[in-house]
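Peer 1: What follows is a single structure, and I will ask about it in a moment.
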Protein chains: 2
Amino acid sequence: MSKRISDDDDDVGKEKEAAADKISSGPSSNRVLPYVAHKVGVPPKQSILKEFTAAVKETFFADQPLRSFKDQSNTRKFVLGIEALFPIIRWSRDYNLTKLRGDVIAGLTIASLCIPQDIGYAKLAGLPAQNGLYSSFVPPLIYAFMGSSRDIAIGPVAVVSLLLGTMLQDEVNSKEDNGYEYRRLAFTATFFAGVTQFTLGFFRLGFLIDFLSHAAIIGFMGGAAITIALQQLKGLLGIKVFTKKSDIVSVLRSVFSAAHHGWNWETILIGVSFLTFLIIAKYIGKVRNKKYFWVPAIAPLISVIVSTFFVFITRADKKGVAIVNHIRKGVNPPSANEIYFSGDLLAKGFKIGVVAGMIALTEAIAIGRTFAGMKDYQIDGNKEMVAMGTMNIVGSMTSCYIATGSFSRSAVNYMSGCHTAVSNIVMSFVVFLTLVFITPLFKYTPNAILASIIISAVLGLIDIDAMKLIWKIDKLDFVACMGAFFGVVFISVEIGLLIAVSISFAKILLQVTRPRTALLGRIPRTKVYRNVQQYPEAIQIPGVLIVRVDSAIYFSNSNYVKERILRWVTDEEAQLKQKCLPKINYLVVEMSPVIDIDTSGIHALEELYRSLQKRDIQLALANPGTLVIDKIHASEFPDLIGKDKIFLSVADAILTLAPNNEI
Amino acid sequence: MSKRISDDDDDVGKEKEAAADKISSGPSSNRVLPYVAHKVGVPPKQSILKEFTAAVKETFFADQPLRSFKDQSNTRKFVLGIEALFPIIRWSRDYNLTKLRGDVIAGLTIASLCIPQDIGYAKLAGLPAQNGLYSSFVPPLIYAFMGSSRDIAIGPVAVVSLLLGTMLQDEVNSKEDNGYEYRRLAFTATFFAGVTQFTLGFFRLGFLIDFLSHAAIIGFMGGAAITIALQQLKGLLGIKVFTKKSDIVSVLRSVFSAAHHGWNWETILIGVSFLTFLIIAKYIGKVRNKKYFWVPAIAPLISVIVSTFFVFITRADKKGVAIVNHIRKGVNPPSANEIYFSGDLLAKGFKIGVVAGMIALTEAIAIGRTFAGMKDYQIDGNKEMVAMGTMNIVGSMTSCYIATGSFSRSAVNYMSGCHTAVSNIVMSFVVFLTLVFITPLFKYTPNAILASIIISAVLGLIDIDAMKLIWKIDKLDFVACMGAFFGVVFISVEIGLLIAVSISFAKILLQVTRPRTALLGRIPRTKVYRNVQQYPEAIQIPGVLIVRVDSAIYFSNSNYVKERILRWVTDEEAQLKQKCLPKINYLVVEMSPVIDIDTSGIHALEELYRSLQKRDIQLALANPGTLVIDKIHASEFPDLIGKDKIFLSVADAILTLAPNNEI
């Protein structure tokens with residue numbers, strides 16, 4: 001496929017180059033060789049089956065997951081397969097005390113962060129507090145065995161909790177029959193979220209989540225953070241009657257209509273002072289000194305302990321400060337029998353599960369990739385999905401709701417010096433101890449503290465720097481970002497998500513429908529032809545119009561491309577006429593960026609050829625790529641325009657068509 | 001924007017070229033100038049508003065519809081506006097007798113073809129025969145005033161009739177209450193089809209129909225033709241009890257289960273003999289001699305006249321030969337009051353109208369473009385849509401159902417020598433006379449004749465040559481084509497359509513998710529770098545890996561692109577190690593085909609840079625385009641990799657990074 005030569009081979013045959021030089025240096029030279037254009041390569045013909053296999057391989061197995069399985073004995077293949085499914089087997093072999101030390105510290109740190117968050121997030125999802133803790137016990141354990149990321153911290157996260165809560169509340173009332181039906185639907189959704197994740201990974205369809213653009217995710221996350229923070233005003237201000245809607249208008253109306261009789265000053269005092277404490281802690285950890293990363297990590301737990309103790313001493317709950325009250329003691333009860341496998345709620349649970357599962361996956365994969373990039377190891381997206389799917393399926397049977405990778409906790413995990421997924425096991429163990437021994441102690445924890453913890457956690461999801469960068473780099477991306485953001489803030493989480501996905505798709509489609517075209521000119525003192533808009537010094541060749549098409553020519557744009565090229569010709573001819581310059585004899589279409597063409601595209605070229613014929617202009621193509629030359633040769637197009645009208649490069653084309661103009 | 005120089009300017013300054021040549025010719029030269037790489041152009045910064053306006057203009061007004069309005073007085077603008085809305089005003093000015101002669105002949109020919117087809121197609125749509133004729137009276141008249149195609153023949157067409165019939169029958173029963181509700185829903189659908197077409201054109205969203213690929217249309221049309229032909233077996237074989245489903249299995253079962261008692265031999269005799277006659281006529285017109293194009297054009301009318309006379313004489317209808325029986329005499333009755341503007345059927349009519357309207361539009365635009373291309377005039381897709389929309393809105397109020405451009409009749413129109421839309425007016429007038437005077441004469445026309453006429457007409461829609469060409473050019477296109485074809489034949493028209501649209505979209509998305517990448521090498525005796533697979537003679541440069549990315553780098557593929565490039569590096573390094581060749585020092589990414597990049601894409605480049613750093617490889621970019629360099633400069637990427645690592649071309653990059661290897 002590729003040959004490499006040693007340096008001394010480099011000097012072979014410069015006849016053509018020399019010939020070109022001679023011609024260009026004009027009459028002063030005495031040896032003028034006729035110029036022969038280099039032929040355009042046609043790749044060796046492949047069989048359809050081979051082509052098809054290659055396409056499937058590149059689409060679904062781009063990362064060559066089976067590479068290591070090649071040329072191995074069957075036993076070895078089996079071992080490798082087990083290792084692929086449970087990466088822990090491989091990395092545990094060279095696990096040592098140093099790593100353990102880092103993992104234990106990291107595990108304890110994220111545990112202290114996750115316990116208060118879990119309780120808060122469970123409330124966000126409309127579920128009892130213990131379900132949040134359950135979800136930080138079972139899923140991280142399973143992930144530790146199956147996952148390939150070393151830094152991700154698994155558990156419930158704010159955005160997915162909010163999304164799940166909103167979607168569940170649209171279907172069933174969380175207050176009715178003590179929330180039994182609601183909880184069952186939550187487990188059903190979790191089950192199908194897991195199934196979705198597993199399926200995507202197993203069938204190697206992981207690339208589907210790439211269709212949600214970075215910009216849309218930033219906007220969605222930011223909007224969700226604002227929505228979540230606003231929802232926390234209920235707890236922070238001690239409001240009893242609150243809207244069920246999540247849009248900013250309803251929430252603020254609800255807040256201000258409760259201002260006179262619904263706010264509780266003791267609650268506000270506790271909430272605001274601890275929120276201030278948490279934000280200061282965050283500031284210390286982030287801005288002042290990276291050494292103090294642990295300050296914001298343990299601040300929430302300290303807040304919980306201090307405030308719980310304070311409420312217990314002062315019995316502030318008698319004065320209207322809302323408290324957590326009861327958290328069920330003991331480990332996860334089984335819930336497999338509570339999942340709906342039939343009836344009306346099956347379909348609803350399925351729908352919610354698919355949406356929430358995809359979002360959870362998007363977040364987890366983004367986190368996994370970020371930290372893998374920092375430590376320079378590879379994670380296999382599809383294998384990650386299988387791990388996530390398994391952990392949520394098992395989770396749904398053990399009273400957990402959807403768990404995924406948490407941005408804030410993963411960052412803390414990374415900074416505390418975790419080495420492997422053992423930190424998740426440590427965290428899981430701490431949560432286990434909490435469930436078994438100390439949950440009753442959370443009875444007097446004020447809701448206002450949970451609200452402050454959630455607010456301070458989600459503020460980190462609003463990534464203003466990223467938004468600024470998006471604005472600077474790509475305006476359309478920014479529209480997608482803001483669309484998702486305002487959709488979530490002003491309408492609802494689902495609508496925001498829908499806007500994000502739609503704009504992401506529209507962007508792809510728009511680019512394919514209206515590709516750019518450019519007029520090329522020769523850059524002085526070179527044989528390089530470039531866009532005259534980008535390189536104002538570039539010089540157009542008299543009698544030749546060079547147009548570059550910046551896209552594959554497909555059915556969706558073939559007609560546009562044809563008409564746009566003809567418009568370049570018309571415009572240029574009008575200009576030339578005005579200036580009394582010679583008319584255009586040749587149109588060279590630079591095909592370098594034309595990465596593919598289909599039947600419609602070839603039709604468009606044929607039509608272009610015919611239209612040009614009527615204006616007495618010859619059509620030539622420069623540098624068609626592998627796919628394009630293949631398809632052009634399969635059609636009758638080369639016979640139509642003449643095989644000698646397809647050139648290796650624009651410079652070659654000019655050298656042949658307008659030899660006097662070449663330098 | 002562009003400067004053009006006269007020939008004698010061409011010789012200015014060849015210092016750099018000379019310098020490069022000197023370096024490459026090695027120690028033999030005595031004057032070695034230091035090589036200075038040409039700078040990559042950064043296009044002048046545009047204001048956001050300007051950029052936005054340009055983007056909107058290119059997306060919606062690519063054809064510059066307001067070009068002629070520029071710098072005109074208000075009165076003139078008004079006149080131009082009216083002319084734009086009614087192109088007849090402009091072309092009627094230089095209308096003359098020669099043109100009239102051509103138009104009258106063409107008009108009479110297509111009238112003779114359309115009258116029997118109309119009756120048949122109306123039956124296909126489940127409507128009374130006269131509605132077909134109505135639809136060839138009003139809509140062509142309106143189109144003649146507003147349309148810009150000179151060759152299209154307007155009226156009911158087979159595929160749209162079938163689609164409308166199937167979708168209507170899914171909603172209401174055509175036999176109930178004498179078909180009143182069914183007819184009302186048909187007018188409602190026609191109304192909304194018109195509204196859809198008008199809206200698309202008015203808001204310049206015409207490019208949306210370009211998303212249905214050529215291949216998918218070929219497949220869909222072919223499948224619809226087979227389905228329609230199969231449905232005609234009912235009429236051709238004289239079967240009384242027939243399935244309502246349109247898939248091939250149901251229809252054939254229906255046909256063979258009726259074999260013993262349901263077939264009528266007199267009907268078969270009439271049907272088959274006239275079908276043979278029609279096919280021979282078609283053969284004469286097509287294959288033998290273009291001069292005889294009128295033979296297939298008038299054959300249907302002759303068949304109708306002869307067979308009607310024959311049935312009337314022999315009273316074959318008494319022997320079970322089904323006849324048309326009653327066609328209402330007189331012109332179109334008003335039907336505006338029959339359109340549903342409220343209630344349940346409004347939504348259904350709307351849905352059917354949108355789908356059928358889009359398909360009708362796709363067919364009409366395809367025809368319009370084909371014939372405009374043949375005669376080399378431009379048609380404005382959006383203006384055509386406004387004309388089509390108006391004609392169908394008016395049609396829905398005058399008892400017509402959806403009319404559009406017919407492939408077969410337009411071809412006959414073209415071949416009969418039509419010059420303008422006057423041929424449609426002539427046809428319309430003939431249909432008017434038919435409605436007023438001779439419809440009662442159709443009473444004894446056997447249904448079998450209509451079936452033969454439809455079969456012979458739709459056979460032309462199966463374009464096997466086009467299918468073969470698609471197979472040769474693009475296998476994935478062929479899958480789309482066959483998907484649509486078999487979807488229509490084996491399931492239903494709507495499913496086939498859905499398959500066609502889905503595959504068309506999937507194709508675009510797939511290309512954007514998994515773009516190609518290629519390894520480049522220098523073509524001997526040139527400074528041109530090309531894909532080593534396409535040009536096996538290309539030579540790779542020792543110590544440098546040159547990778548070309550064949551697509552815009554977007555969120556949907558940024559991660560893949562990054563990982564694919566790293567895989568090239570890994571693979572190449574493994575090979576080099578095996579051969580004990582020097583390691584890779586530089587990775588040059590050829591960006592010519594990278595037409596755009598977004599924030600995710602820039603992130604991917606940054607990650608690529610970091611991964612390469614760890615392997616001690618320098619990253620360089622070659623030839624980033626206008627959009628890309630703009631966005632790269634907006635980010636901090638150039639500072640990261642070093643501004644001197646962005647080159648005008650691969651040759652420039654090699655000259656700087658590995659000067660000893662350049663020729």
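Placed from the backbone N, Cα and C atoms, the Cβ positions cover glycine too.
As listed in TrEMBL for this protein:
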- B:534-657: domain 'STAS' (DOMAIN)
- B:1-29: region 'Disordered' (REGION)
- B:141-164: transmembrane segment (TRANSMEM)
- B:185-205: transmembrane segment (TRANSMEM)
- B:211-230: transmembrane segment (TRANSMEM)
- B:263-281: transmembrane segment (TRANSMEM)
- B:293-313: transmembrane segment (TRANSMEM)
- B:352-373: transmembrane segment (TRANSMEM)
- B:385-404: transmembrane segment (TRANSMEM)
- B:425-442: transmembrane segment (TRANSMEM)
- B:448-466: transmembrane segment (TRANSMEM)
- B:478-506: transmembrane segment (TRANSMEM)
Peer 1: Would you call the transmembrane segment (B:293-313) and the transmembrane segment (B:448-466) in contact, using three or more Cβ pairs under 8 Å, pairs 6 or more apart in sequence?
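Peer 2: By the criterion, they touch.
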Peer 1: Any chance you could find the range in B:185-205, B:211-230, B:263-281, B:385-404, B:448-466 with the most Cβ pairs under 8 Å to the transmembrane segment (B:141-164)?
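Peer 2: Stretch with maximum Cβ contacts: B:385-404.
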Peer 1: Which one of these stretches, B:211-230, B:263-281, B:385-404, B:448-466, has the most C-beta pairs shorter than 8 Å to the transmembrane segment (B:478-506)?
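Peer 2: Maximum Cβ contact count belongs to B:211-230.
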Peer 1: Which one, B:211-230, B:263-281, B:385-404, has the most C-beta pairs under 8 Å toward the transmembrane segment (B:448-466)?
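Peer 2: Answer is B:211-230, with the largest number of Cβ pairs below 8 Å.
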Peer 1: Sort the residues of the domain 'STAS' (B:534-657) into helix, strand and coil with DSSP and give the three counts.
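Peer 2: Grouping H, G, I as helix and E, B as strand yields 62 helix, 22 strand, 40 coil.
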Peer 1: So what's the mean pLDDT when you look at the domain 'STAS' (B:534-657)?
Peer 2: 87
